[in-house]
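Note sheet for the following structure.
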Amino acid sequence: MSENIQKKIEDLREEIHQHNYNYYTLDEPTISDFEFDLKLKELQYLEAKHPEFFDSNSPTLRVGGEITKNFPTVQHQFRMYSLDNSYDFNDLEDWEKRLQKSLDEPISYVAELKYDGASISILYENGKLKQAVTRGDGFQGDEITANVKTISDIPLQLHGDFPERFYMRGEIYLTRKNFDKINIRREEEGLDPFMNPRNTASGSLKIQDSAEVRKRGLSAVLYQFIANDFPAKTHWELLQKTKSWGFKISEQAKLCNSLDEVKDFINFWDTQRHQLGFDIDGIVIKVNDLSQQKALGYTAKSPRWAMAYKFKAEKVETELQSVTYQVGRTGAITPVANLKPVLLAGTVVKRASLHNEDIIKKLGLHDHDFVYVEKGGEIIPKIVGVNLDKRNPENQEIQYIKNCPECGTELIKIEDQAIHFCPNELHCPPQVVGRMIHYVSRKALNIENLGSETIEQLYREKLVENPADFYALTKEQLLPLERMAEKSAQNIIDGIEKSKEIPFEKVLYGIGIKHVGETVAKKLAKNFTSIDDLRKATAEELVQVEDIGGKIAESIIAFFQNPENILMIERLKSYGVQLERRENTNEILSNVLENKTFLFTGKLSLFTRDDAEEMVEKHGGKNISAVSKNLNYLVVGEKAGSKLKKAQDIGTIEILDEQQFLDLLGN
Ligand code: AMP
Ligand code: ZN
């Protein structure tokens, strides 16, 4: 029986790997998405029921879920070099001359797009993805295997006659479409948008929860095979081979028999790159013949056999029509340059961000100046200079506003950050809306279905002005709103009702006390049993709490000094929102750890760090955050690092593994 099930599981895995290959690599799916999902669900079901047949490369692991607490550092077996840069065709011709001098034989090249993302090195053993490591400093990087496995473009299982052990190098990037999706979602959750796809892609690789990484929708392309022995004579052949094993290689890569062909390729993509749907910042040119590559070797920094050609950031001139000021949800002011529409890098540009007053001063902007606009890696173009020849001497220098354009309040300038903000937190419209959006966001009260647009509408209709107003809403009030159907109105009402179950710490985060983020809210909720308890705390008491400094303490006190906040809190209480800790989270199980201090380090496998710390507290012990003479026990998981060493050096600290820690508790 169990053999049958094992076979069934293995067959399903095999089949799904094949469908993934057909879909992602060949772009020729043979079954519908629906059928595919059914198969995947069946496999998930069987695996959950039979954990004994676990396989770390099962296609179900694509959906993520594995949590990485610390990304271990891994030495690269083959160093990850940089590339030499060239900026024009002269540079390229010089390079070719150097090559010819060393080689004295005909040279062909492979020209590839230079993907603007994060590079990755992936180890394959016996056809299975074994380990994925970031570039880091080129000598060592961070191991991010669990996260990389969620990326559909990267095969977990290879086909055909692949070598037993080798590395594939490639780039992980975000398409512009997926980047926009992420930002739309962030916007809805009241978070600041990300700046550009490149940083977002590399940042995503370091998220601890791989299921979250999956949601980012990352793409990948593989461009380099690395091993001691090569199963081909040229880079081009290698690319075709790796493709046949299941890797997604660049569709645009081209074999060029002369530098002229390379130049054509460069010219083509310099003008066409905006059609690609993802960002490239140049072209990479590689000597095709592997024995030539070997003969050329490396400099201290980069291979002599490869060269990056960087595209120039595109720059155009246009007229500045006006400067307007946006008020963000936190009250921060952003000046925006409104431009005469102009075509830049494939899109019509009408606006550029000016960031802050200092930048406007530095540019010396005057009304109706003709400005140079550039598009670098950032999504929003920026003004990089003024064409002074075209300035009309009658035009005045731009004066930064003194009052909030939304509510008229006098602005405050934070000198060290050069930004202005509107201090009218409770009545400045974008801030009022921002506060409510924050309240319903996923990490706060998590009121699903209540999106930012709906909140804006509700505010415009004067139905809500602060989070307490949500609880007085009725379905009848919602129904007349734009695009509001019976069912969605009901969902909102249900979601609001459900939020009354959300624990104190999240509510504390949700009510939007300045500087009280998620972690601080958690700490506060641990140390104060209720909002009233917190309200009574003095600044001295507040700074006693771990991670709470003077700035946070001050802001908490200011919050409670405002009668409008007190009114909101009293109303939230009356509606049944959790403004005190629920009892059982604080229950004491024993005092066996009384007067003992603990610290956890390394990758824990029997419990999470949060759980462990909670156990310590429930048994009367105390958690501390650093190794010192005051520490009694260091509990070490896998791959413990410097803390373990330090504890051993001190000598008086008892070192426990996870099981020994449980034994202490009498479990
Ligand atoms: P740089 O960071 O400017 O030294 O450029 C080197 C980086 O270019 C590598 O680390 C890769 O991440 C990236 N890259 C993008 N596309 C390619 C490609 N087709 N071949 C090699 N490297 C590439
Ligand atoms: Zn304002």
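Even glycines carry a Cβ here, placed using N, Cα and C.
Noted in TrEMBL for the protein shown:
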type	residues	note
ACT_SITE	LYS114	active site, N6-AMP-lysine intermediate
BINDING	ASP33, PHE34, GLU35, PHE36, ASP37, SER82, LEU83, GLU112, ARG135, GLU171, LYS286, LYS310	NAD(+) binding site
BINDING	CYS404, CYS407, CYS422, CYS428	Zn(2+) binding site
DOMAIN	588-667	domain 'BRCT'
Mind running the binding-site residues ASP33, ARG135, CYS422 against ligand 2 and keeping the ones whose CB falls under 6 Å of it?
CYS422
Go ahead and report the DSSP secondary structure tallies for the domain 'BRCT' (588-667): helix first, then strand, then coil.
26 helix, 16 strand, 38 coil
Distance, the residue listed as 'active site, N6-AMP-lysine intermediate' to ASP33 (NAD(+) binding site) (CA atoms, angstrom):
32
Quick one: Cα separation, ARG135 (NAD(+) binding site) versus CYS428 (Zn(2+) binding site), in Å?
45
Let me make sure I understand the span of the NAD(+) site: among ASP33, PHE34, GLU35, PHE36, ASP37, SER82, LEU83, GLU112, ARG135, GLU171, LYS286, LYS310, what is the greatest distance between any two Cα atoms, in Å?
44
To the nearest Å, how far is the Cα of CYS404 (Zn(2+) binding site) from the Cα of LYS114 (active site, N6-AMP-lysine intermediate)?
44
Let me check the 10 A CB neighbour count of ARG135 (NAD(+) binding site). How many other CB atoms are there?
20
Just checking, which of CYS407, CYS422 (binding-site residues) has the fewest C-beta atoms within 10 Å of its C-beta?
CYS407
Between C-alpha atoms, which of these recorded positions comes nearest to LYS286 (NAD(+) binding site): LYS114, CYS407, CYS422?
LYS114
Can you name the residues of this chain that are 6 or more positions from ASP37 (NAD(+) binding site) yet have a C-beta less than 8 Å from its C-beta?
none
